[in-house]
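A.B. asks: So Swiss-Prot lists these for the protein:
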type: TRANSIT; residues: 1-36; note: transit peptide
type: MOD_RES; residues: 37; note: phosphoserine
type: MOD_RES; residues: 38; note: phosphoserine
type: MOD_RES; residues: 55; note: N6-succinyllysine
type: MOD_RES; residues: 66; note: N6-succinyllysine
type: MOD_RES; residues: 74; note: N6-acetyllysine
type: MOD_RES; residues: 98; note: N6-succinyllysine
type: ACT_SITE; residues: 161; note: active site, proton donor/acceptor
type: BINDING; residues: 183, 185, 206, 207; note: substrate binding site
type: MOD_RES; residues: 207; note: N6-succinyllysine
């Protein structure tokens with residue numbers, strides 16, 4: 001039982017949600033959110049430059065924004081918490097409302113966006129729909145330290161999971177992690193910038209296979225490699 005619970009928690013924790021504008025399968029449009037100041041703060045796009053971004057991250061951001069000009073790539077927005085309409089859609093399709101506590105849900109924040117600027121996960125993702133590629137530009141802050149001076153392996157795994165998961169989701173809809181294998185080649189220096197390059201390799205029914213590598217900005221150092229399997233969720237089946 002404990003093993004089953006742990007697996008379920010790991011899967012839920014690896015959930016990748018859609019960018020703004022993409023709805024869950026079968027969901028109906030809802031009225032726009034009212035403009036409360038707290039909601040505006042929560043829905044502030046965190047994937048744009050802030051003062052904590054170093055020159056490497058800013059330079060890469062500018063380079064990929066240039067690639068977006070012809071429409072081949074697009075930047076994905078990112079927020080501190082899941083927008084209200086997405087929460088309602090997800091609860092409707094995949095969760096038993098009786099098991100959800102509204103107070104806990106109202107306090108929830110996305111793990112990778114729960115740190116103050118510069119202290120944790122600073123990142124932005126770009127997607128190429130034709131090539132089925134997702135690239136994440138990631139700067140790991142001082143609160144992500146593992147071995148002295150280096151980023152914790154779990155933090156690296158988190159960003160790999162988020163990147164390959166978003167790649168699978170953009171290709172096929174709402175997915176959850178079924179398997180993630182990571183080979184760590186070299187430790188990543190704290191507060192440095194890396195590129196996480198992911199690629200959709202194949203699709204078998206509801207199974208999406210995605211691989212990725214983590215490289216230095218100059219692409220001369222390989223830090224990690226990973227393979228993954230994601231399962232597309234069935235709106236007709238609850239997760240609880």
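Just so it is clear, glycine is given a Cβ too, placed from its N, Cα and C backbone atoms.
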A.B. asks: At the level of the C-alpha atoms, what whole-angstrom distance separates residue 161 (active site, proton donor/acceptor) and residue 183 (substrate binding site)?
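C.D. replies: Counting only the Cα atoms, the answer is 13 Å.
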A.B. asks: Just how spread out is the substrate site if you go by the largest Cα to Cα distance in Å among 183, 185, 206, 207?
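C.D. replies: Pairwise Cα check on 183, 185, 206, 207 gives a maximum of 31 Å.
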A.B. asks: Considering Cα atoms only, can you say which of 55, 66, 74 is the nearest neighbour of residue 207 (substrate binding site) among these modified residues?
C.D. replies: 74
A.B. asks: Hey, does DSSP put residue 183 (substrate binding site) in a helix, a strand, or just coil?
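C.D. replies: Once the DSSP labels are grouped into three classes, residue 183 (substrate binding site) ends up as strand.
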A.B. asks: Rank the recorded positions 55, 74, 206 by how many other Cβ atoms lie within 10 Å of each Cβ and give me the one with the fewest.
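C.D. replies: If we count Cβ atoms within 10 Å for the recorded positions 55, 74, 206, the smallest count is at 55.
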A.B. asks: If you measure residue 185 (substrate binding site) to residue 66 (N6-succinyllysine) at Cα, how many Å is it?
C.D. replies: 31
A.B. asks: Using Cα coordinates, what distance in whole Å links residue 55 (N6-succinyllysine) and residue 66 (N6-succinyllysine)?
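C.D. replies: Here the two Cα atoms lie 17 Å apart.
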A.B. asks: Relative to the Cβ position of residue 183 (substrate binding site), how many further Cβ atoms are located within 10 Å?
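C.D. replies: Cβ-Cβ neighbours of residue 183 (substrate binding site) within 10 Å number 10.
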A.B. asks: Would you find the one among the recorded positions 66, 185, 207 whose Cβ has the most company, meaning other Cβ atoms within 10 Å?
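C.D. replies: Top count of Cβ atoms within 10 Å goes to 207.
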A.B. asks: How many other Cβ atoms are found within 10 Å of the Cβ atom of the residue listed as 'active site, proton donor/acceptor', counting all protein chains shown?
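C.D. replies: That number is 23.
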